[in-house]
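Chemist: Handing you this structure, nothing more for now.
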């Protein structure tokens with residue numbers, strides 16, 4: 001865990017200084033190194049090797065990231081000055097707000113997922129709950145990629161310049177240049193859904209197939225909305241962030257309870273779409289000044 005925290009800290013510094021090429025290169029190098037080492041350990045030691053890889057991977061991430069950081073920004077900011085600790089009440093307040101945002105999401109989202117999953121098991125069955133869980137796992141892979149892109153490209157720009165005009169320009173540029181490629185990726189996932197089920201799961205998960213359409217539609221709306229919602233993080237706006245998160249969580253739970261009895265397991269992914277439509281509307285309302293006030 002400590003090594004992983006250091007790794008996240010270093011990658012955050014690279015993003016904050018807008019060294020995007022170095023950040024991407026670091027991720028590629030780490031992915032290749034981890035894949036090779038993990039494959040060797042698992043092939044040689046089987047399950048024990050997998051456990052070894054869990055222990056070793058964070059250390060490797062930390063070491064590689066440290067050398068990338070040192071070679072990238074040492075000429076701009078002395079490294080020990082950069083990582084030196086100095087107490088600041090103002091910074092502590094900001095960090096508390098960010099921590100509160102993360103903790104609320106970390107608590108509410110899994111809680112609602114457990115409640116909904118229990119209802120699926122009760123009303124439809126364990127197999128259907130497994131299909132939905134499988135769909136979530138597939139979704140998490142490409143959503144993580146999309147969120148990383150947003151964090152890497154959008155968040156540093158919004159944090160550097162907090163004007164509404166810059167916010168609109170940044171969002172518009174993301175929608176025009178990056179979003180179309182993400183949409184193509186989602187379409188590719190939908191076209192490949194049968195192969196994904198076959199190679200990542202097995203024949204028992206064929207019931208996942210009808211879930212892909214609704215999940216992908218909801219995830220596209222989620223990506224569109226997440227770009228906007230990053231303004232709350234950039235401005236450290238905990239109030240609007242919490243309002244949006246709580247509305248989203250409640251919305252998903254309510255829609256799930258309504259649609260599950262009507263459409264069985266497919267009702268849950270329909271609720272996913274309905275929830276993010278509501279979330280998008282809420283975000284637009286909360287950001288109406290930044291989005292529509294041309295004077296700012």
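Including glycine, each Cβ sits where the backbone N, Cα and C put it.
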Chemist: TrEMBL lists transmembrane segment for one of the ranges 73-93, 136-156; which is that range?
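Modeler: Among 73-93, 136-156, the range TrEMBL annotates as transmembrane segment is 136-156.
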Chemist: Identify the transmembrane segment range according to TrEMBL, selecting from 218-240, 241-263.
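Modeler: Transmembrane segment, as annotated by TrEMBL, spans 241-263.
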Chemist: Can you tell me which parts of the same chain pack against the transmembrane segment (269-287), counting only residues 6+ beyond its ends and a CB-CB cutoff under 8 A?
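Modeler: Result: 132, 135, 211, 213-215, 217-219, 221-222, 224-225, 228-229, 231-232, 240, 243-244, 247-248, 251-252, 255-256, 258-260, 263.
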